[in-house]
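Student: Here you go, one structure.
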Amino acid sequence: MKHIRNFSIIAHIDHGKSTLSDRLIQVCGGLSDREMAAQVLDSMDLERERGITIKSQSVTLNYTAKDGETYQLNFIDTPGHVDFAYEVSRSLAACEGALLVVDAGQGVEAQTLANCYTAIEMDLEVVPILNKIDLPAADPERVAEEIEEIVGIDAMDATRCSAKTGLGVEDVLENIVSAIPAPEGDPDAPLQALIIDSWFDNYLGVVSLVRIKNGSLKKNDKIKVMSTGQAWGVDRLGIFTPKQVDTDVLNTGEVGWVVCGIKDILGAPVGDTLTLAKNGSDKPLPGFKKVKPQVYAGLFPVSSDDYENFRDALGKLSLNDASLFYEPENSAALGFGFRCGFLGMLHMEIIQERLEREYDLDLITTAPTVVYEVEKTDGELLYVDSPAKLPAINDIEEIREPIARCNILVPSDYLGNVITLCVEKRGLQVDMVYHGNQVAVTYDIPMAEVVLDFFDRLKSTSRGYASLDYNFQRFEASNMVRVDVLLNGDKVDALALITHKDQSQTRGRQLVEKMKEFIPRQMFDIAIQAAIGNHIIARSTVKQLRKNVIAKCYGGDVSRKKKLLKKQKEGKKRMKQIGNVELPQEAFLAILHVGKD
């Protein structure tokens, strides 16, 4: 056991985590050169296309150190994006140490900081690594100082390496062996295994990634899932060397995968504890803190026949992604679907794209909203995650919106732009600290403003140098209203949005103008209106297409033309009463463009 090292790699987006993992695998001979590909661990197509890590991946490598001993390294490559911070905290729970990878050109960024603090809170040994020292812009001395000043860990003798060229990777491995402590645990105690992650395999059923804290797990053992109390037989178990390799036993301190033939998706939830069915442990391990979704959106299948498949797909996906929340929802405009909760906009895009690709579904998404706390006049408290659930105006005492605490790290040259942006987003400054050339600014900004496009705007005003980390702080009373959209006088529930009263006029106007672009012209006028309660605040009209009925009249009497026009007018009127307006998917996404221009 003293030869096992469990660690995660944490870093900001694009600081070279996945490339470093590739090098570690190569040096330790986890894969032959023929099988080696760039970013081996980013196994999803989506990850490769976007160049980001979405799911944490684990690998077990054997490394022969300079002291002649062979060590078993279990490491977990984690995502760097703020939306997937939950994946990171889960991975860290399975480790004793973390490599903090910092780009020697760019220095410390907000996400580095957030993940590093998570690691320190969990009492992990944090080992700083300066990556990309082969770049001409690299300045390891400055960055080492920055790490000491901003993060507060000793970094003067931080290992320097270039994951791309392979320079210094041996030193990184030696450092892991010497600096990261061996796992603690009692091999003779009853089995306790923490489920770090699970996914659904069509042939094997549920596959779980586990970290053995105490005891050991063997093939054909009878095990029990603590939360459900169900017992299963272990069919197969093993490790990843990135490839799935079968073994006969997983010992204390090891990380590996287990298949127990569980077919029910909720059979082995992430964060749960496995123990032996006979003489097992009676105490579960402390799991993970549950994350609350920050953004909610309705997802509806385009054809209602897909509803069952959609439900199964969501079930399988939520097994793999513990932070996804969903419940059935019914909309007058879109039929049956689900209200889903996500950690952020990127998370939402990724989930939608995975559902469409992996499960072959066609989906319509409604505009995302955050959760509001609503106090009714009779004192009842509601949590509203969809504009349709907001009570009538005269039943509401006050609406409180969620406020996010945003930590932004930005070079001092771009500070002005960032402050302007935060103020425009109704932010309040909490703190500002200068660290050399970097400034750490803290703002309290309404979650609704942060979630939509704050990240993109922040990147563009600071030319990509600013970085952001945010978390939910509190609910605060605010003057929020619901803007409804009416098409020919009928409310479309899926198009409503909740916004601040000061911005409701502009948002309403932008929304109807945007909708006008997306709704195709029909044989009758379509009036698009935005309303707060019964008060119409904006309107635009999609003009009808009309046939030129008087084309066949040559000269002749004007009353003849009038008669034809009148007849056409009556026909249009009749049509308007019975006609339906077809809404394309783009019209539902028009809300997303509101407030961007």
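For all residues, glycine too, the Cβ spot is worked out from N, Cα and C.
The model shown is predicted, which means the values in this text are computed figures rather than measured ones.
As annotated by Swiss-Prot, GTP binding site applies to Asp14, His15, Gly16, Lys17, Ser18, Thr19, Asn131, Lys132, Ile133, Asp134, with the evidence given as sequence analysis. What Swiss-Prot records for 2-184 is domain 'tr-type G'.
What's the neighbourhood like for these features in this structure?
Tutor: Around Ile133 (GTP binding site), taking its Cβ as the centre, 19 other Cβ atoms fall within 10 Å, counting all chains.
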Student: Return the count of C-beta atoms lying within 10 angstroms of the C-beta of Asn131 (GTP binding site), excluding that atom itself.
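Tutor: Excluding its own Cβ, the number within 10 Å is 29.
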Student: Please work out the number of neighbouring Cβ atoms within 10 Å of the Cβ of Gly16 (GTP binding site), leaving out its own Cβ.
Tutor: 24
Student: What mean pLDDT score does the domain 'tr-type G' (2-184) have in the model?
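Tutor: Averaging the confidence scores along the domain 'tr-type G' (2-184) gives 75.
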Student: Counting every protein chain present, what is the number of Cβ atoms, excluding its own, within 10 Å of the Cβ of Asp14 (GTP binding site)?
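Tutor: Its Cβ has 17 other Cβ atoms within 10 Å.
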Student: Could you tell me the maximum Cα-Cα distance in Å between the residues recorded as binding GTP, namely Asp14, His15, Gly16, Lys17, Ser18, Thr19, Asn131, Lys132, Ile133, Asp134, rounded to a whole number?
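Tutor: The GTP-binding residues span at most 17 Å between Cα atoms.
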Student: Using DSSP, would you call Ile133 (GTP binding site) helix, strand or coil?
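Tutor: Note: Ile133 (GTP binding site) is coil by DSSP, not helix or strand.
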Student: With every protein chain in view, how many other Cβ atoms are within 10 Å of the Cβ of Ser18 (GTP binding site)?
Tutor: 25
